[in-house]
Structure formats: structure tokens, C-alpha cells
Amino acid sequence: MKLIDILKGVNCEIKGDPNIDISGVCYDSRKSKNKYLFIAIKGFKTDGIFYVEEAIKNGAVAVVTDREIKEYPGITTVLVEDARAAMAKIASNFYNNPTSKLTLIGVTGTNGKTSVTYMLKAILERQNNKVGLVGTIQNMIGDEVIPSVHTTPESLDLQELFSIMVNKGVKYVVMEVSSHSLALNRVDECEFDIAVFTNLSQDHLDFHQNMEEYAKTKGKLFKMAKSASVINIDDKYSSMMIESSKAKVLTYGIKDFAYVMAKDIRNSLSGVKFKVQIEDKKEEISLKIPGIFSVYNALAAITVADFLGISLRSVREALSQVTVKGRFELVETGKDFYVIIDYAHTPDGIQNIMEALKEYKTGRKILLFGAGGDRDKTKRPLMGEVAGKYADFCILTSDNPRSEDPREIISQIEEGIKKTNCPYVVIENRKEAISYALTNAQKDDVIILAGKGHETYQIIGDKVIHFDEREIVKEILSEGGNR
Ligand SMILES: CC(=O)N[C@H]1[C@@H](OP(=O)(O)OP(=O)(O)OC[C@H]2O[C@@H](n3ccc(=O)[nH]c3=O)[C@H](O)[C@@H]2O)O[C@H](CO)[C@@H](O)[C@@H]1O[C@H](C)C(=O)N[C@@H](C)C(=O)N[C@H](CCC(=O)O)C(=O)O
Ligand SMILES: Nc1ncnc2c1ncn2[C@@H]1O[C@H](COP(=O)(O)OP(=O)(O)OP(=O)(O)O)[C@@H](O)[C@H]1O
Ligand SMILES: N[C@H](CCC[C@H](N)C(=O)O)C(=O)O
Ligand SMILES: [Mg+2]
């Protein structure tokens with residue numbers, strides 16, 4: 001593809017031959033190859049501009065930067081306003097604007113994105129569609145799994161994935177849209193048909209200055225969606241998303257009047273049932289994932305399905321089978337107590353899984369959790385406090401400490417739990433903490449392993465070790481980890 005065609009719609013100053021042939025595009029010099037275009041991006045840790053010469057050595061023949069660089073013989077340099085924003089346009093051009101050939105549904109919010117996308121994929125597949133999915137756990141093209149590094153990939157990777165999906169006959173794509181991606185131009189140039197708002201609560205305040213800025217960032221998605229904005233009217237930030245919406249607004253909720261509402265909610269450890277009402281239409285819905293939060297997630301998916309003209313009967317059948325790895329996942333132990341693996345890693349997430357267990361009175365609720373390192377520090381005491389309010393016993397341990405001191409992270413959580421009367425222990429090593437939970441479990445207890453969910457790794461420092469809590473539970477129990 002000619003460079004000039006790749007740069008269509010990009011305001012830039014070109015020095016050198018604009019008609020050179022480009023065989024590929026990269027933003028990592030280590031991935032540069034013969035006749036590549038290298039995009040130099042200033043990052044949080046380093047700056048792509050330091051790697052221009054490496055990219056050229058690896059074969060790049062053109063370089064995009066947002067700051068002047070020296071001239072290199074035979075190399076075309078392209079000066080743009082903002083390299084990240086330019087990359088999104090370049091990516092869309094290079095991969096032939098694939099989202100114009102898809103029905104693209106973007107789901108954003110602090111919690112529920114993964115769950116809603118899995119529900120939507122099941123509903124759309126029941127209509128015999130080939131569905132693409134982009135998200136935290138994995139990316140999917142129908143049943144084909146492509147490992148995901150990010151919840152929402154960089155624009156170049158995202159547009160490439162979309163183009164593969166189009167070539168494989170995908171018609172609908174459901175994707176999680178993280179606030180990082182909206183702030184870092186990852187989803188610029190994506191033609192969203194429908195945008196879904198789940199909720200907004202504290203997370204990522206290491207990245208966003210405050211909740212207002214976090215909300216404003218999320219609001220960008222609703223400015224982009226062309227056909228419909230599906231919004232949780234019960235969330236206190238719903239009005240901001242409605243104000244940002246360009247398209248038709250469809251509301252869902254439980255507390256107040258909404259276009260799509262849930263009535264007669266019956267919750268249990270094995271799932272939740274409710275009646276959904278859309279104007280004069282009603283249907284009994286049954287979900288395998290319990291909790292009011294699951295009802296909200298299902299209402300979001302049902303609202304999208306209704307907008308797409310899919311019958312409630314078909315929606316009911318699809319939703320009844322949906323499970324999501326690491327979201328309220330019951331682990332078979334063969335013992336007289338329960339073990340649940342869940343991905344709750346925010347104060348609101350913890351509150352919601354514990355609320356889902358509120359009616360469960362038979363045994364104790366033992367909550368084991370930590371908090372991610374190099375993430376929002378201010379949520380840690382709040383997580384401790386909400387955990388202490390709901391659990392009968394807490395075990396504070398590590399999640400993914402990353403570059404932080406695990407004991408420091410735990411002590412910040414402790415600040416919150418100390419405000420409650422909840423008894424707790426601190427066991428920094430997560431495997432030892434799980435062993436402690438299982439060894440001390442009593443009949444009918446519910447042990448919740450929270451924060452890692454689907455993750456099969458633990459990030460300590462710059463090391464990533466294999467860590468699958470399902471395997472660890474089975475291993476401990478098989479070694480007699482309980483009577
Ligand atoms: C905060 C953040 O989002 N950081 C992302 C960012 O890293 P960065 O800006 O630090 O990049 P950098 O290391 O400074 O490098 C700058 C540039 O130099 C280039 N480079 C670097 C080295 C080299 O030898 N050659 C070279 O060309 C890099 O390719 C990059 O373009 O760009 C990197 C390359 O794309 C991402 O991998 C990285 O994600 C990090 C790993 C991350 O943890 N991101 C998380 C916070 C994230 O994005 N999370 C959201 C939400 C999660 C959720 O709530 O579910 C997500 O969507 O996943
Ligand atoms: N609608 C919801 N409201 C609050 N908490 C929820 C909701 N849905 C799920 N949760 C809780 O949050 C956890 C994460 O859910 P999910 O993975 O669907 O969210 P997400 O938005 O994709 O998260 P992330 O931003 O990390 O990708 C779940 O394990 C559950 O504990
Ligand atoms: N166990 C993870 C959960 C959060 C992952 C994701 N929401 C992010 O912020 O990257 C952690 O905190 O390390
Ligand atoms: Mg997710």
C-alpha cells in the first residue's frame with residue numbers, strides 16, 4: 001500500500017517520497033520489518049522516538065513522529081500533531097476501515113463489561129451470526145480464541161483484528177471499551193453502532209485524575225455511537241452518558257422506570273431469576289451467574305437485543321446457558337463447603353459479589369483478596385472496608401503486586417478493614433493464603449477467592465508465574481487440605 005494512501009485524512013508534513021510502498025505498520029521498533037512504517041509514540045515509561053534508528057535498521061522506510069527528528073537518507077519522515085491519534089487513522093486506512101463493514105457494539109463501565117459482552121455474544125450467536133469478541137479474558141472470532149493482552153488493544157492491533165474478523169465472515173463484534181482505550185486513542189476511527197454503559201465506580205484513579213475525568217472519558221464512547229446508547233439509568237453517572245449520547249437513548253434498570261426493567265428478582269447461590277419487562281412484553285429470565293449485578297448485565301444485553309429486533313424468547317434461551325470464566329465461578333471440591341472464584345477487584349465489585357451472597361446464611365462467608373500493584377492505590381482501603389462490612393472473615397493476600405511491595409499494598413487494604421469489626425489474617429503468599437482458607441473451612445462455608453478471576457498467572461515484579469486458582473484449590477484438597 002502506498003504511504004500517501006495510508007496517510008489519507010492525516011494532517012501531516014511529509015519529507016521524502018510519499019509514494020513509497022509500505023508492507024506493514026508497527027509502533028514497536030522491535031517488530032519493524034522490510035518496507036515498514038514505524039510510528040514513534042511517547043509512552044509512560046519510554047519514548048518511541050528513541051527507537052527510530054532501530055526501526056530503520058530493522059527495515060522501516062518511513063517514520064511517523066509528533067516531534068521533529070533528523071533526516072535519514074532514503075527515509076520518508078512524516079510529522080503529525082499527535083502520533084497516537086494519527087496511528088488510529090493510519091491503522092483504519094491500512095486495514096481498509098473494517099468497522100464500516102461490521103455492526104460494532106462497545107460496552108464500557110467500571111464493572112460488567114466482560115460479562116455483558118459474553119451475554120451479547122451468546123444472544124447474537126443464537127441468531128446464527130458469526131460473532132467477534134474483544135475483551136479482557138480473550139479475543140474470539142466465533143469459537144476461535146485469540147489471546148488478549150489488553151481489555152482493549154492498541155488501535156493498530158485492534159484494526160488488524162477487525163480486518164481478520166471481516167475476512168472470516170463476522171457480522172457483529174461485541175467489545176469491551178476500557179477508559180484507558182478511550183483516553184489513549186485506541187478506539188478512534190471505530191464506527192460504533194451501539195454503545196452500552198454498565199456503571200461507574202472507583203477504579204483506575206491512578207490513570208484518571210478524578211471520577212469526573214474518568215466519567216468524561218467514558219462519555220466519549222456515547223459521542224461516537226451512531227445508532228443507540230444503552231444506559232443503566234440506576235447509575236448516578238447515567239445522566240452524563242445520556243448528555244453525551246448522539247444516538248437514540250435506551251435505558252435499563254431495576255429501581256426506577258426504564259425502557260427495559262427487571263421485576264420479581266429471585267437470587268440464590270446457583271443463579272438468579274427475574275421477569276424482564278419491555279413495554280407490554282414480558283419474559284422469565286434465568287441466569288447461571290447469581291447476583292443483582294448479573295441482572296443489570298443481562299438487562300444491558302437484553303436492551304441491545306431488543307434494539308436489534310431479537311425476540312425475548314430467543315434471548316431467554318441464550319442467557320440461560322451463559323457462564324463467564326472467573327465471574328462467580330463455582331469450583332467443584334466434593335467437600336461440604338463452597339469455593340467461588342471471582343474477578344472482583346474494585347470496592348463496587350466486592351460489594352456486588354458479597355451482596356449476591358447476602359441471602360446465603362447457612363455458613364460463614366470467607367473472603368480472600370488483595371489488590372493489583374501499579375494500579376489505583378486509593379481504592380485499596382475502600383476495598384478493605386467494604387470487605388469487612390460484608391464478610392464473616394477476611395484473608396488479605398497478594399493479587400498482582402507488579403512493581404510494588406506486596407506488604408505495602410496489604411497494609412493499605414488493612415487501613416480499611418480496621419474500620420470494621422471483621423476478623424482477618426494477613427498471608428502475603430496467595431497460595432499459602434488459599435491453603436489456609438481451605439484448611440480452616442467449616443461445613444457450609446463459602447470461600448470467595450476474589451480479584452484474579454480468569455487469570456492463570458500472577459505478576460510479581462517483572463516476573464509472570466503460572467497461577468491458576470482452580471488448579472491450586474484441587475491440588476491443596478487432594479493433598480488433604482481439608483479434613
Ligand atoms: C498505561 C498503559 O496503558 N500503558 C500502555 C502503553 O505503555 P507505555 O506508554 O508505557 O509504553 P512505553 O513502554 O513507554 O513505550 C512507548 C513506545 O515505545 C515503543 N518502544 C518501546 C521499546 C522499544 O524497544 N521499542 C519501541 O518502539 C513502544 O512500542 C511504545 O509505543 O503502551 C504499551 C504498548 O501498547 C501497552 O502495553 C501499555 O499497557 C500497559 C502494559 C498496561 O498495563 N496497560 C493497562 C493499564 C491497560 O491498558 N488497561 C486497560 C484497562 C484494563 C481494565 O480495566 O480491564 C486495558 O484496556 O487493558
Ligand atoms: N454490573 C456489575 N456491577 C458491579 N460489579 C459487577 C458487575 N458485573 C460484574 N461485577 C463484578 O465485577 C467483576 C468483574 O466483572 P467483569 O469482568 O464483567 O467486569 P469488567 O468491566 O470487564 O472488568 P475489567 O474492567 O477489569 O475488564 C465480577 O467478577 C463481579 O465481581
Ligand atoms: N487482578 C487484576 C485485576 C484488574 C485487572 C484490570 N482491570 C487492570 O486494571 O489491568 C489486578 O488488579 O492486577
Ligand atoms: Mg473486562
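Placement of Cβ uses the backbone N, Cα and C atoms for every residue, glycine included.
Site annotation (TrEMBL): meso-2,6-diaminopimelate is bound by D399, N400, P401, R402, G451, E455, and the candidate from R364, R375 recorded at this site is R375. For the recorded ATP site, residues G109, T110, N111, G112, K113, T114, S115 set the reference point as the centre of their Cβ atoms, and the other residues of that chain within 8 Å of it by Cβ are V107, V116, E176, T198, N199, N297.
With R402 (meso-2,6-diaminopimelate binding site) as the anchor, the candidate binding-site residues are T110, G112, S115, and the one with the nearest CA is T110. If one looks beyond the motif 'Meso-diaminopimelate recognition motif' (399-402) by at least 6 residues along the same chain, the residues whose Cβ comes under 8 Å of a Cβ in the stretch are 345, 369-375, 409, 430, 451-452, 455, 457-461. All protein chains shown were included, and the count of other CB atoms within 10 Å of the CB of S115 (ATP binding site) stands at 27.
Here the Cα atom of G451 (meso-2,6-diaminopimelate binding site) is found 12 Å from that of N111 (ATP binding site).
Note: the meso-2,6-diaminopimelate site is recorded as R375, D399, N400, P401, R402, G451, E455; in the same chain, H345, G370, A371, G372, G373, S398, K452, Q458, I459 also have Cβ atoms within 8 Å of that site's Cβ centroid. T114 (ATP binding site) is surrounded by 24 other CB atoms, counting those within 10 A of its CB over all protein chains shown. For the domain 'Mur ligase C-terminal' (326-453), DSSP puts the residue distribution at 44 helix, 26 strand, 58 coil.
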